[in-house]
Amino acid sequence: PPSHNLEMKHLPGADPELVLLNHRYEELERIPLSDMTREEINRLVQELGFYRKETPDAPVPEEFQFAPARPLPTLLPSQAPTTDGETPPKRDEGEHPDL
């Protein structure tokens, strides 16, 4: 059965690869598949969080709608809110450089 957000493209003469894209279709990762068996590839796809539909028109559970979309590690540190609730001081309130 097909995965709802997994597309297979056969490129003649090319080594098979699993290309992971984000929601903007930007490439995240390439995983070579040439040395893997069909069973290993199926296991890999499931471990990555892809949902296999029972039939092509079967509904996809809500928790799998955007799976296996993972946040990029580079976005996490800058996007994390500060836990103490303090905003970094922009300048000392006592300073008046225009006076």
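Using N, Cα and C of the backbone, Cβ positions are placed for all residues, glycine too.
Pulled from TrEMBL, these are the features on record:
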type     : residues : note
COMPBIAS : 76-85    : compositional bias 'Polar residues'
COMPBIAS : 87-99    : compositional bias 'Basic and acidic residues'
DOMAIN   : 4-50     : domain 'Selenoprotein F/M'
REGION   : 68-99    : region 'Disordered'
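For the domain 'Selenoprotein F/M' (4-50), the mean pLDDT of the prediction comes to 87.
Residue counts for the domain 'Selenoprotein F/M' (4-50) under DSSP, helix first, then strand, then coil, are 10 helix, 11 strand, 26 coil.
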